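This report concerns only the one structure given below.
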Amino acid sequence: MAQRAISWLNEWLGLGCFNFNWLQNLRKRGAVKDASVKGVHTVDARTVLLNGHAQPQRYVLNEIRTSKYGLVNFLPVFLFTMFRRVAYLYFLAQAALAYWSVVSPFSPYGPTIALVVILLVAAIKALIEDAGRHREDVKINNGKARILMNNGKTSETKWRHVHVGDIVEVHDNEDFPADLLCLHCQLEDGVCYIKTTNLDGESNLKIKRPVDLGAATPQTPEDVLKLRGELHCEPPNANLHIFVGRLEVVSSMPDTDAGKATVIPVSLNEMLLRGCTLKNSGRVLGLVVYTGPESRIQMNAAAPPRKTGSYDAFLNVQIAIVILFQILLCIGLACGSLGWRNNSGYERSHLQFRVNNQGNYKSNIVYVIVLWITYWILLSYLVPISLFVTMEIVKFLMGLYVNFDRKMKHDATGEFAKARNTDMVEDLGMVEYVFSDKTGTLTSNEMQLRCIALRGSPFGSPDFQLETAEGTPAQRLEQFDERLASAASLMQAEGTAWAKPVVVPSAKGDSDMNGAPLVPAVQNGQFHFKADGAAPYGPGQTNVMGNGNSSGPAGGRGGAEDAQLGQQLLGFWTNICVCHSLISEAHPETGEPIFQGPSPDEVALVEAAKRMGFVFVARARSRLQVNMLGRPATYEILNTLDFTSDRARMSVVVRCPDGTIKLLTKGSDAVMLPLLRRAQDAGALERATQENLRNFSLQGLRTLVLCERILTETEWRDWNMRFQAASAQLVERDSKVSHTALEVERNLDLLGVTAIEDKLQAGVPDAISSLIKAGMKVWVITGDKQETAINIAISCKLIQHPDHLMVCNADSAEEAASLLDELTKRGMKQRDTDSYQGVRRSSRTGMPELACELVIDGKTLSHVLGTPAEAKLAELASGCAAVVVCRASPSQKAAIVRRMKRFRIAQCEGRTVRWIERQRAWLRWPLAPLLFLLKYQARVGVRMLAIGDGANDVAMIQAASIGIGIMGKEGRQATNNSDYAIGQFRFLERLLLVHGTLADYRLSRLIKYSFYKNIAFATTLFLFQFYNGYSGQALVDGITAAFYNAFFTALPVGAFAIFDRPVRLLSTLQNNPQLYHRSESLSIPAFWRTAIALAIVHGAICFFIPYYSVANGDRNSITDLWSVGKTIWVAVIGVVTLEILLVSRYQTKLFLLVTLLSYALVYPYVIILPLIFNGFGTRDPAQDGVGNHIFSSATFWLVLVFVYSLTFGIRFLERSIIWLYRPNDSMILSEMEALDLKEGDGALRRERQIELGHSQMSLRVHEAV
């Protein structure tokens, strides 16, 4: 009742003011936890009553909340989010201490205003982001749904009012409002078609069926209302591939056992998940099982693992060092104050140091502590409060730039790249390793059949493109291979034989599952043909044919050979047309069948079969219709053993048109070949098949092995009972089903091999070449055969020296360790040989380069990972120019990424430790804290990138520092778990070289100059303490100091970070990949040189020149504290502004406007602020009349001119020398860009081009020799 009231109030207010999403999530986690205690698949996990009056327990509402905030909880949740960060707690403590007037050198209003302004900006950003989520939530929750009422009619309601146990009616082109159990389909064959694009990104339609109730299957909505029962199923979880449940149902329909309960196993085949769309099915009725946040799509909507950006880690380290430095400064100043009081203060009676009062405590310890707090507040400006919110804004804008970059738009789908995690946008500019999947990532996932092999004989050509061939199916078959066309012609000529198959005896050696000999009474389920003088040929007999080069009609063979080949051909294409999970639809214009399904391989095979005359026509509930060379046939589907990554195969048990029961299966050669029946000729056939597989792989083709097996009726019935029992299990159903399937998937007869081409995506070779030139190490990790993986690696220019390839294949752990040692020695020995000159060498790994290329397979990895040899593999691979890993499982992909990350971290930590050890002994113990911080930065500073497109790549993507998902044809699992999503691999080049370089450049300068401006100001406050008796007195009031930090200097630095770029044209970054991550602009030396040392120098100039320029003489002389302080304050703002203008490379009009305007507003501020105070009846001596006084003094203006000339002049001279004599890469390219805009500078341009070519130490324009 309370939930309904809250839901009504949210709907009435329109924005969801009471966001109880956290409460629903808490309840959801508790339910899952309770279920996990009992067992994930226990019967008690969830019970849903079918047509019951009330559910046995309360379930969450069908209302989603993706927004973070509501009107009521915004303030507490937002403040909690902000203040759980150490930096904001630091600033909160500073503002709170400012209210202790005894110790604070500032009024409390300044720090408070600064903190409030920063929080306000962050709050506005959070609200803007959350407003879009609110609008989407309201739109979805108010969608229309139809509930089946007790009178058989439907009532329209909103999605948010759908509850567990309701029966929902869904029509074509409507989305399912919740996770439903399908009870009734309108189509006659009892199936429905759904589109799962929103769920997994696949655009092909999928088949779903209602629960099989036998005679009690409802035919109308009224029949559905006559059902009574309970659904027992698993608790809510995120698994999109498995559902375990059991429906106990009682039907009151006529012609059924009234009152008798029927137990039916339920799987994902009967589930209609929220987010999917009904297509071409009329209507369906479904029982609501999961709602709202417990639906599968919402359970999968969780954010990817929290990853910390490199600069966040860098800031943590540097802020810790700065705070440690601040603590030491405060201690030193507090002790100095104590010494000055005891030595000089007591002598000045007017200061009344001998009188004990607040702030002047008799106890030296108390006095030092109080003064330490004073100085802590005074020097709080060492840490820039504006940096953190500015970083968030810049990262957010960089993410938008990625999202709307038209040069990363995939034209085929119209999708832009997506920045799903902008917290680590800077890491795109500092990637060291790229781990890439192959299929669908490097390749286009557009499969096309190129070759086949029938029982050892290859047919077809890799150069022939069947998809573009013209003519009739018979003509296309002849173009594919004349021998197959000859055999097919004979099959068509033997019309009587086609209609009445010849019964042939079983081959010697056939046996059933228990080893008993098979004596089938039929012709083994194949269409066999008998030519004159030809002996019948059955599946148990073998004919390992040659390549068909003999002479004679149609390829030079007699009728017997053609008949035998025809039998093989028919069995081969029957397997392809029957053993699949596709559906057939008629093209709306041509009427031609088009195929849709989850597997691109299956689509390619069935489409190729259709083009050659073997057509999959339609699929009914348990029947499948085909047309083989114009002859229709219908197969009854008895069992389907679905493909899984563990099984690596798919099988169907069918009843053939002649009544024979046959198992048809296809899968990878690694799992299929060991399951073959061992006949007399098995050795020759397997050797020929292995040779075909190897040849196809060398041509870069993907292979599948097709097999079959004949089953007797008794044999099938006995196995089917065990299979149905395993399918009905709620505990460990998958493992039991897989074990039962293996009982029948053995003693198989080989039919043939398919070879499919998966073309490289456009731009892949160029992209990989650019990444390698940028200094990145690119790995390809795939589950394909070794030869296929090598061929693809050569095609995409990853492997450039195949003749010197190092291959690591081992059958044991000892052999693997020995082979790794041998390969490491070989690589070191051949590193400097002439044959390896020109091979790429990485510049950032810190390891000696072996200048070689490595291939390793998954079997060897299983012997290496988790053993001491793991370190040897990492050391060898880190020095290789290219690495290809084949036959790798998803878990091995993730393990490789983690192993290489640990190896690089150990390298970085080792260099830090060795640097500390080289220092003098008396320096080592003070550097111990620094060692800890540097090791922490090394751990988080190693950047590994993984890119993939399928669910099998998710583990690798999550294990990497940066995960990239390809929005391809294998669903959205990789994208949903990634940090960034792109349409094709070639966009990775621009993502890293352009967006990554820009983010690295901008954020590094934002951090440096944010610290620079604050430390310069803090330096003036620090130096003033030596001239005021260490009293903690500030030069300016708190409000003025806060405006310095949060406005006058924050805006120029923010605009600088948003608009600046190292070169004018972004294409220059992509055309010169050597620029990638070469600036080292935020290394520790660069940071301390610019942000610390330069800031101290400029702060000292801004303090000493105005301070010693104080003149006595006329009434406009600047001699008072606040006038001198304001002069110093204006001088620091001007120096910081000029520094920003000087170092900026790309000065847009908006940048200049913001920068110059922020400085120009300083002068009105000094005049207007005291007027505001006076308007409120408050007179502040730090403000009142100060502006008029200093502006009327010539000393003020002369001081500013002198300070600006000195600081800007020195920096201008320094940078001019660098640009002229020591330019870096981006400087040279910037100058070349500028010269391109002018005419008549050809000689100078050629001179600079020569200089660029000679700048090999910093910019490798050509390959290093």
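Placement of Cβ uses the backbone N, Cα and C atoms for every residue, glycine included.
TrEMBL assigns the feature transmembrane segment to one of the listed ranges (871-890, 1011-1030), namely 1011-1030. Within the set 80-100, 1193-1213, the record from TrEMBL flags 1193-1213 under the feature transmembrane segment. A contact links the transmembrane segment (109-128) to the transmembrane segment (365-389), because at least 3 Cβ pairs that are 6 or more residues apart lie under 8 A.
Computed over the domain 'P-type ATPase N-terminal' (54-109), the whole-number mean pLDDT of the model equals 83. Listed stretches 313-340, 1042-1059, 1086-1109, 1150-1173 were compared with the transmembrane segment (1193-1213); the greatest number of C-beta pairs under 8 angstroms is found for 1086-1109. Break the domain 'P-type ATPase N-terminal' (54-109) down by DSSP state and the numbers are 23 helix, 0 strand, 33 coil.
The listed stretches are 1011-1030, 1042-1059, 1086-1109; of these, 1042-1059 has the most Cβ pairs under 8 Å to the transmembrane segment (1150-1173). Sequence-remote contacts of a segment are chain residues at least 6 beyond its ends whose Cβ falls under 8 Å from one of its Cβ atoms, and for the transmembrane segment (1042-1059) they are 109-111, 113-114, 117-118, 381, 384-386, 390, 393-394, 397, 1002-1003, 1005-1006, 1009-1010, 1013-1014, 1017, 1036, 1129, 1132-1133, 1136-1137, 1140, 1144, 1146, 1148, 1150-1151, 1154-1155, 1158-1159, 1161-1162, 1165.
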